[in-house]
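To start, the structure under review is shown below, and the notes come after it.
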Amino acid sequence: MIQDIVQGIIVANECLSGVFYRNYIQSWKEATSNQITVEGKAYDTDEWMNAPSSILSSISRRLHLQPDHPITITRKLIESRFPAPTYQKHNTLFPIVSVGQNFDSLGFPADHVGRSRNDTYYINKSTVLRTHTSAHQADTFRAKTSEGFLISADVYRRDAIDRSHYPIFHQMEGARTWSRSAVPEGTTLARQVWDDLKTIPKHDLVVEDPNPSFHPDRNPLQSDHHSPEEAEAIATHLKRSLEDVVVTIFSAVRAAAAAAGGSSASTSEPLKVRWVEAYFPFTSPSWELEVFWQNDWLEVLGCGVVRQRLLDSAGVPDRVGWAFGIGLERIAMLLFEIPDIRLFWSRDPRFLDQFRERVDGKITRFKEFSKYPPAPRDVAFWLPRSTPAARTPDSTNEPHSAPNPAGGLAPESASNAPSSSTTTNSPSASVSSTSDPPPAPASSSTATTTYPPFHENDLTELVRAIAGDLAESVTLIDAFAHPKTGRQSRCYRIVYRRLERTLTSEEVAGLHERIGRELVARWGVELR
Ligand code: PHE
């Protein structure tokens, strides 16, 4: 707890002793009450609370606003393709939002996997850390201050640990709408959209777009609201705007590679992109854009024609338009050749001082300042027989958002909605879950303990709570059921690595043992 408080304070960079004391008292009060305060805003917590203090204290970092930070440079590069006044920028929206904003306003069904406490950080039953920038779509449409907007922000998801996943990342949301009532006499909405398209620069990108703009089953037109011509025009405007972004980004990547003396296939071959049909509850038709990069198709964004019911309930029923969401880390990792997502959070000047925003828009690639060895350790255990709904090895292997950098909350993912059961499904009941790691289930006797079901993201969170950014990856390497008893076994490989120096084997052993102990205490597993 003390360690936790101190860490929170250090992270917030509040080193004046008065502030230190006030924060200490504040945190102390919070640990004993059902309230938390984040940047002066107070929230009541309840049994849904599962946001650890390490996450809450990172809210203040706002990497997308740090001068010369690679996330900021990436944001600005994309923003440069969406000029004011058509596109208004919103970069300081607060990350704690209502379930209504994050899910309901966008039409997410009540049992959508994205709503589960396994995937989303809750403050209380109706308040979450936003899981995507789309949480602000409805409000921004409602404000009616511009025809289009860009929202860049930090977003939060309980997720896997590896080199490209971190529980906090950054997204940019973009939208553009047209008003039906403002269409001048003698023209049509579709015509007007086509006219606007002329202002988007032409490109020579190789684009694969094999599917029709809409398809009755796979990617339906909102036929009650849009004529085929209108949807076609909006879809084309959307795709061309985003192809322009990709050209800008990858031209910068190639220029940086060429400047660094690289002549690999990725810099000499023509750039290829493709549009893939997708599904989001708040757009139809919808697509993802993939870029052929280093011999693989890489998803870079999700987008679509905004559902009219969203615009209607946001008080702008006469508007039609498109929206997209793009993950900034993935783009920044490509742009700067940053090999590990944890580096964005580094305060090491050897990292930060490498990046400068340049007026000519040129990118300098990241130079590895050190390479310290990884320390892999395995943890193998039997799940308790009583574990009611532990995921199968297959589903355990698939964090829902892994395939989508823009953060798609795939509707087809196995449903894992929060259960109404109070004891077995509330590993972090009460506000004390803000201390790291979350508390073990309360019980006086082992014989009668009911353990909550074990989910992979619980292990992920435990590892982060104990090892912090020293954990590079957590991978399921083996899962089987005992042929006779049916008992489930799991083996995870945890890779520890410090980016600034070599970890000693004692340090690693200490962390790893603690993780094992907590697994036993929290989920009743038996270490093997
Ligand atoms: N919010 C979506 C995600 O995180 C991306 C998206 C934004 C899709 C806007 C369509 C329109 O995956």
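Heads up, residue numbers simply count up from 1 along the chain you see.
The backbone N, Cα and C atoms fix where each Cβ goes, and this holds for glycine too.
TrEMBL: automatically predicted annotations, no manual curation.
What TrEMBL records for 215-229 is compositional bias 'Basic and acidic residues'. Remote same-chain residues near the compositional bias 'Basic and acidic residues' (215-229) are listed as 188, 190, 277-279, 284-287, 305, 307-308, 320 (criterion: CB distance under 8 Å, separation of at least six residues from the stretch ends).
As annotated by TrEMBL, compositional bias 'Low complexity' applies to 410-435 (among others).
Annotation source TrEMBL lists compositional bias 'Low complexity' at 442-453 (among others).
What TrEMBL records for 153-349 is domain 'Aminoacyl-transfer RNA synthetases class-II family profile'.
For 370-528, the entry in TrEMBL reads domain 'FDX-ACB'. On the 0 to 100 pLDDT scale, the domain 'FDX-ACB' (370-528) averages 70 in the predicted structure.
Among the features that TrEMBL reports, region 'Disordered' is placed at 207-230 (among others).
According to TrEMBL, the region 'Disordered' annotation covers 387-454 (among others).
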Checked against DSSP, the composition of the region 'Disordered' (207-230) is 3 helix, 4 strand, 17 coil
